[in-house]
């Protein structure tokens, strides 16, 4: 069951908890440090890949102008128009991201086949994020450290070891959180974008006419004259917009206005000035295509620039890693993933979490990518395909929102879909040529994560149906208590359950084995709403039944942290006070047994049982004191 009190708006604003405490300029600076790290490090490798990659575009004036025009209009169409102007208006109580967008789309669709497909799309888009999250740190840090080769070729053997040291250090430090250094991310990235702009302007002086590349006719002519080369080039041009989808995912931290201000006032101009500078440099010295970004840097400043670029890529990688932690928590809350150990790394910022299992999975994959691909150019072949797929999914989900939730007219909504989906498909089709060169990796990771998420969701549904079919109705149970009442003992017993109208198995087992009931018996259900946060005033519902029995329903948003003792503390306002020292929590611990005809293929059934056995403790996940927990085992045929 979901809480139906949320309000969807067209036009996301900064969350009240942050937007009213900080000025919009301060939030914009903070957003630059988190939201734009990924796209902000794209100049390190984008044009190098275009003119020096496996499908290298020949260097001549028409081609350089055409590519720069493509980059500009990709940034305008995909990032500026689609994400900054349109999709960021689709906020779910101030929150963004593909989970929030999926929730908005499902809210206006009747249950059925269409809703199922939208749900599948949303989950697949979320799964693709993990593949992207593995490649981003690897390609970003590698491309930064490769600047040492520009300073002197003698550093070439040390690039991989240095990159690995940086990356391993980054993941090892996750346990400590970023609270102590997070405040400097914004100012550091502001400096980074200012440096990008200055380097770009310096390069533009070599060929001032390069500014004419803003004319879309250059891009059109490039495609008309060389359609195949133009199409293949899109597979590298897409690197300029990777990370654009992140600005919507992080909207909940800063709000729409600061993200929009940061993009149009600094990030977009700085990025494109740098691309123009690199283009001018390539026209002036075609040999510079081997690393046009670092060739823009004066010789005396190459080493400091490598240091600054490495710091910028660390910040960009941190945003992706934190995003993976946050997405995992949302998946757990929404019932798509088993419980995992989740640690808070800050006493002040509730959103700063650390998920050890995800952290080490990402580290292992990142190290394998760096060792396996050896260079940022090789990694570029694996990059982009997952991002473009995610962007296509965002467009489809956004179309449902603008048509059904915002009530746009059919013509206007279809125009939105056709324009942006055409651009997305063009980029995606161009990246498909990378599949055998490395693009298979994020697709494989995405497919694997998607399978895990859907298997867990389906398995939990089947398990709940099985338990439900064997559950005794609560009213019949209470009537039997009147006929032959068992002894009552002091205190309160809390039984967590999925159905408040049935008797939890743990309650029956306790009664059968211990022959007693507590003075107060509380049946507690936890619901996750399709909104990011549920206000404290709407956290709990209490219903007194009879014979000392109570029903308590606790509501959380998909970005809230479940804390059952804290929630029960709110029940006093509803006439049901709790004393934790007099309260025992009875949790059922099921042992699953496979059977024929369970409703899932045998391999998925075995996978679900494996996931179930390794799921984290319910007591830990719900912050229940271990010394107040009683676990009662039961066997269930799946």
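Cβ coordinates are placed from backbone N, Cα and C, and glycine is handled just like the others.
Per Swiss-Prot, the stretch carrying the note transmembrane segment among 94-114, 115-135 is 115-135.
It is 24-44, from the ranges 24-44, 45-65, that Swiss-Prot records as transmembrane segment. Against the transmembrane segment (413-433), the recorded stretches 67-87, 115-135, 181-201, 263-283 differ in Cβ pairs under 8 Å, and the greatest number is found for 67-87. The stretches the transmembrane segment (181-201) and the transmembrane segment (301-321) meet in space: the count of Cβ pairs below 8 angstroms, excluding pairs fewer than 6 apart in sequence, reaches at least three.
Comparison of 67-87, 115-135, 263-283, 301-321 by number of C-beta pairs under 8 angstroms to the transmembrane segment (382-402) places 115-135 first.
Away from its own ends, the transmembrane segment (228-248) comes close to residues 35-40, 42-43, 45-46, 49-50, 53, 55, 57-58, 66-67, 70-71, 74-75, 78-79, 83-84, 87-88, 96-97, 101, 132, 136, 222, 259, 263, 271, 275, 316, 319-320, 323, 380, 383-384, 387-388, 390-391, 394, 426-427, 429-431, 433-434 of its chain (Cβ-Cβ under 8 Å, at least six residues beyond either end). Sequence-distant contacts of the transmembrane segment (435-455) (same chain, six or more residues past either end, CB-CB distance under 8 Å): 54, 120, 123-124, 126-128, 130-132, 134-135, 331, 336-337, 365, 369, 373, 378-379, 381-386, 389, 600, 604, 607-608, 611.
Of the two recorded stretches, the transmembrane segment (24-44) lies close to the transmembrane segment (301-321), with three or more CB pairs under 8 Å once pairs fewer than 6 apart in sequence are set aside. Pairs of Cβ atoms less than 8 Å apart link the transmembrane segment (353-373) most often to 153-173, out of 153-173, 263-283, 301-321. The stretch in 67-87, 153-173, 263-283 that contributes the largest number of Cβ pairs under 8 Å to the transmembrane segment (301-321) is 153-173.
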